[in-house]
Amino acid sequence: MNRKDDHLKFALDSMSKKNGFDEYMLEYISIPSFGLNDIDTRTKIGEVVFEYPFFINSITGGSEKGDKINKDLEYVSEKTGIFLFPGSYSPFLNKEEVSYPKNQGVNLGIDKPVNLHLEAISKTNAKFLQVHVNLIQEIVMPEGERNFETWESNLKDILSTVKIPVILKETGFGMGRGSFIKAKELGVKILDISGKGGTNFAQIENRRRNKEKKYYEEIGYYTTESLEIAKEFKDDFEIIASGGIRHPLDVVKALALGAKAVGISKTFLEILEVNGRDALIDTINTWKEDIRNIMLLTDSKNIEELRGKIRR
Ligand code: FNR
């Protein structure tokens with residue numbers, strides 16, 4: 001079985017026991033000042049408007065199984081109008097015909113030089129570039145990367161060359177103050193802090209080889225911690241939250257903590273794998289409705305009004 005298929009398999013039976021969102025409660029207001037139809041759920045990342053403040057976040061492609069998942073997610077995205085950020089473009093590099101979804105996001109690692117990012121963008125006509133960082137995964141994998149000297153200069157080149165919005169994206173270990181400061185120095189404007197609380201790639205890699213280097217699973221920041229730290233940087237970045245989002249209440253809590261949009265990988269992958277693409281469409285439609293309902297419960301007419309209506 002190839003590595004990407006292993007990741008899919010082990011991701012499905014791995015879930016963090018702790019989830020930072022459980023430590024927070026929304027500010028419930030018993031007497032709303034408007035009706036459900038008055039609520040505006042729209043948000044904006046870069047100049048792109050999202051009708052609802054959540055999206056399908058990167059899940060791998062580039063194997064037969066991964067390609068099938070991407071096809072299904074593309075279908076779900078079309079039917080629901082929810083944006084899709086597919087998984088890494090790397091298996092498609094240097095290929096003529098690519099089965100990667102078009103006109104959505106495109107995802108590639110920070111280890112790749114800018115010319116490959118440009119290739120990925122032009123082949124997919126993407127609206128966003130997600131540049132992912134997966135340091136802990138590289139370190140835990142025996143076959144992982146050992147040289148990281150090019151990461152900063154690759155990112156600088158990407159930011160100065162790429163014309164579409166660039167998102168620097170973690171992959172489930174979160175970002176703390178040090179990462180925010182560095183991202184700011186390098187000129188990043190949009191961050192997906194993708195924190196702990198859901199998929200844990202150290203755990204997935206440990207399972208793949210039956211090694212119990214469990215201590216690597218304990219490094220990083222919970223999504224909620226990253227969101228708290230990000231408040232200090234609210235004028236520097238547009239913040240996207242992901243990592244451990246289980247249901248619409250987590251989405252609304254992330255927005256109340258300052259995120260502009262929220263990404264979901266594992267929860268949607270599981271529904272797709274267990275119950276199929278129509279079930280995922282139903283789920284997403286339910287989430288849309290429930291996000292609106294929960295906004296009403298906090299007397300918030302729009303995402304801006306939700307900010308800060310949360311307590312620990
Ligand atoms: C991922 N993730 C990921 N991220 C990325 O930037 N590029 C990628 O190719 C992949 N591939 C991938 C495969 C699988 C099977 C999973 C489950 C996840 C990471 C993902 O986008 C996200 O950052 C983390 O999974 C945390 O979010 P969840 O899963 O807790 O919602």
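The backbone N, Cα and C atoms fix where each Cβ goes, glycine too.
Heads up, TrEMBL stuff is auto-annotated, nobody curated it.
Annotated FMN binding in TrEMBL involves S58, I59, T60, S88, N107, S194, T199, G244, I245, R246, S265, K266 plus, out of the candidates K123, K127, K169, K288, the residue K169. Proximity to ligand 1 at the level of Cβ atoms, with a cut-off under 6 angstroms, picks out T60, N107, S194, G244, K266 from the binding-site residues K4, T60, N107, S194, G244, K266. When pLDDT values are averaged over the domain 'FMN-dependent dehydrogenase' (150-308), the model yields 97. Spanning the residues R3, K4, Q137 that the record associates with binding substrate, the maximal Cα-Cα distance equals 13 Å. Under the DSSP three-state reduction, R3 (substrate binding site) is assigned to helix.
G244 (FMN binding site) carries neither a helix nor a strand DSSP state and counts as coil. Its own atom aside, the Cβ of S194 (FMN binding site) has 32 Cβ atoms within 10 angstroms in the protein chains shown. Highest Cβ count within 10 Å among the binding-site residues R3, K266: K266.
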